[in-house]
Amino acid sequence: MTLKELVVGFGTQVRSLWMIGLHAFHKRETLMYPEEPVYLPPRYRGRIVLTRDPDGEERCVACNLCAVACPVGCISLQKAEQKDGRWYPEFFRINFSRCIFCGLCEEACPTTAIQLTPDFEMGEFKRQDLVYEKEDLLISGPGKYPEYNFYRMAGMAIDGKQKGEAENEAKPIDVKGLMP
């Protein structure tokens, strides 16, 4: 080892100690997580939930658009039909171990049944526990859109009345009849 190498090595050690001394008294960036809450942006996309409409029914009509829009294929569902003709998912399953929380399922949902909440604490010890069924995903409230009801907005038959036959509702316009 030459004298030059010894001086350079000593200089790097002094420089390292100087940097440690400078940063020893700065404010720390590490948060003590459970005690200090983490800042989440206003539109943070976290845990996925299934919501209900204002009448208390499931909003999901099992259209399968969320499963098609999902880039990793973590959503699976099966359509069933009630006696009144309304569709609902017989089973609805999300595998959160594969989900990338991109929000495409929420954007694709025409009934606003799927919504992403800011909840991010979903750690499990076993991978199988990250597969959520419909009962785990359903919440009791309407979520972000409390007044929205898909069947009323879509003009589906409600209580046996077709579109335009309910109270204070105009008859639908025949778009094809207006064409030249």
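In case you wondered, yes, glycine gets a Cβ from its N, Cα and C as well.
Taking the domain '4Fe-4S ferredoxin-type 1' (50-80) as a whole, pLDDT averages 93 in the prediction. According to Swiss-Prot, the feature domain '4Fe-4S ferredoxin-type 1' maps to 50-80, an assignment based on sequence analysis.
The [4Fe-4S] cluster 1 binding site annotation in Swiss-Prot covers Cys60, Cys63, Cys66, Cys109. The DSSP secondary structure for Cys60 ([4Fe-4S] cluster 1 binding site) is coil. Counted within 10 Å of its Cβ, the other Cβ atoms near Cys60 ([4Fe-4S] cluster 1 binding site) come to 26, all protein chains included.
Sequence annotations record features per position, and here Swiss-Prot assigns [4Fe-4S] cluster 2 binding site to Cys70, Cys99, Cys102, Cys105 based on sequence analysis. Around Cys99 ([4Fe-4S] cluster 2 binding site), the C-beta neighbours below 8 angstroms that are at least 6 residues distant in the chain are Ile48, Val72, Cys74.
Per Swiss-Prot, the feature domain '4Fe-4S ferredoxin-type 2' maps to 90-119.
Close to the recorded [4Fe-4S] cluster 1 site, the chain also has Val61, Ala62, Asn64, Leu65, Leu77, Cys105, Ala108, Pro110, Thr111, Ala113, Ile114: residues not among Cys60, Cys63, Cys66, Cys109 whose Cβ is within 8 Å of the site's Cβ mean position. Looking only at the binding-site residues Cys60, Cys63, Cys66, the one with its C-alpha closest to Cys105 ([4Fe-4S] cluster 2 binding site) is Cys66. Within the chain carrying the domain '4Fe-4S ferredoxin-type 2' (90-119), a Cβ under 8 angstroms from the stretch's Cβ atoms is held by residues 40, 44-51, 58-63, 65-80, 127, 130-134, 137, 143-145, 148, 150, all 6 or more beyond its ends.
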